[in-house]
Amino acid sequence: MTKEAQKPVVKVAVIGLGRAGHFHLQSITDLPQAVKLTWVIDVDKEKAQRIAAERGCNWSDQLDEALKGPDAVDAVVIASATDTHFPYIMQALRADKAVLAEKPISHELHEVEEAVELAKTKNLAFVCGYQRRADRHFRELKRQLDAGAIGNLKLLKTCSRDNPIPPMEYLRTSGGIFHDMLIHDFDMLDFLSGGQVPESVTATGHSYHPEIEAMGDVDICAVMFKYASGLIAMVDTSRDASYGYDQRIEAFGESGMLTAKNELTSTIELATADGHLMPPAMYSFPQRYHQAYKSELTEFIELVQAGRDSELHRLEQKAMLRHPNVVRTTIAAEMSWKQGNTMEIAKVDSLLTRTPDGAVATKVDDMQRPEKLRRLDIVEEMLSKYEKHCMQTVAFVKEQHERWLKFDKGELSVFEALQILSDLGDRRGLQAAERCRGQGAPDWLQLVALIHDLGKVMALPQLAGKDLLDEWAVLGDSFPVGCAPDMVGLPDSKKNLDHSHPLYGTKNGIYQSGCGISNLMMSWGKDEYIYHMLKFNKCTLPAEALNTIRLQSFSLWHEKGAYSQFEATEDAETLKWVKELNQMCRSDRTGDDQPAGFGQADWMVELLKKYNMDGKLKW
């Protein structure tokens, strides 16, 4: 009898060294015969260096080094900030590495589809960390359900109540209760129902915490799904539960019921004349899902070891196809809550392919998607106006000024910043600049067209570091803060705390009529950032150029005539150039005939030098 071949040791990089990252580090420690921790990666260099010294491995603040060279890894475990999951997933998959990523893959459906398609095309192991699927109690419930213990399934109920309430800093970048918490339950419904996709969803919620309400989110929510088979599923969730971490499932069928109850801190029950005293539930998710996290990582390593021709690999390739459906369901549930009505799941895609102004967004061919990453453009087109108008307050804008206007994030030349966006598939600035030049526009407008979107680099973790913002604070339309909203074309934004303020909630707020549009405090985003960055670096663009950059996304003013009470005589000139710039850029949104690459034309070099923007700039 031949001795069974020893399974290869899998070299792993863990990116993101927060709570989830530490769970995976501990699981890796428990598997010394199967896993070698080769790299730890975090934007906090001191943390990465310290943990690398403790664990005896390499460290970096970038993923690139772990993907190549003699210490290149076989697999990447992604536990970084939510908004960085998708770019890290794509980077690892493109480097031919297996990936285990914490949820979510992305909040954007098209990005989830891109990631799954790339993993499928390259035949790579790609697992999203819905750890509840690896929980021993839920797996036993699933086993009995599949064995017919309760007959035909009629009703599914899940309960998911957190403890303690997460830090507000985390919640601000979590993606909201639907994408952060409820998506786990929606994945469990997929797991337990055998992959059934619901037909419709109705969701309602409320916020008992003012800080969460100010984020445009809720802290308690109930969701109901209806399926073609007749199945009904219900989920209730809360950001906090005073009695401990509450995770329960109930499955009701034609011949019985299956229930998965909470794990308790012990099995001891005290019975006295006063009654029965039970021990409390587990404190929080690290205690409740300790076994699940370990099983999840163990099974991922076994999947990588089994190889791409194994039955395990074929099963996972099939299982990962569920991810777009789970995210689509999550988006539909969030839409139902925001709109206050029942949402049909089948309509989600048609809604998401429309921009806020009603134009149909161009879809990238499925086979080309992995090679045509247009993340920032599409996020901007789909950005929720509701969320942005709820979150942008005077206090928030001042906080971002304090964080970002020190310009201590690093140094980049204009061409380096343009190359970063070009690598992401965003070349609209180059095309708009060429159009301006072809039509004989002033040279400063040509340059403005070239650089008008460079503020998007704020959304990239390699620049933002610990100050990384959610997309709503970078992209989308801009508007003034410190006064009541002009409701022309706006969604209801009553949840914005400033709108009940005795001064900020008045029509003129902190301003005087006729003060000038350029003197308003604008919401924080890419335009405000690039405007201040150019002034800080002492560029010599004329005032009308800087104002055009700053007000380019203030469409409520330049397209709808809102906030006209603040206009001054000089604003007419600015308005003319803002409309001119937007006209030059508008046709670029479809992505048609974009330049295939980025190059430094002589005229660009000359204009940058003329307006004191050549060389390195502080960002």
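Glycine is treated like the rest: Cβ placed from N, Cα and C.
Taken together, the residues of the domain 'Gfo/Idh/MocA-like oxidoreductase N-terminal' (10-129) have an average pLDDT of 93. The domain 'Gfo/Idh/MocA-like oxidoreductase N-terminal' annotation in TrEMBL covers 10-129.
Annotation source TrEMBL lists domain 'GFO/IDH/MocA-like oxidoreductase' at 138-258.
The Fe cation binding site annotation in TrEMBL covers H452, D453. Cβ neighbour count for D453 (Fe cation binding site) (all protein chains, 10 Å cutoff from its Cβ): 28.
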Task: Cβ neighbour count (within 10 Å, all chains shown) around H452 (Fe cation binding site) - done: 25
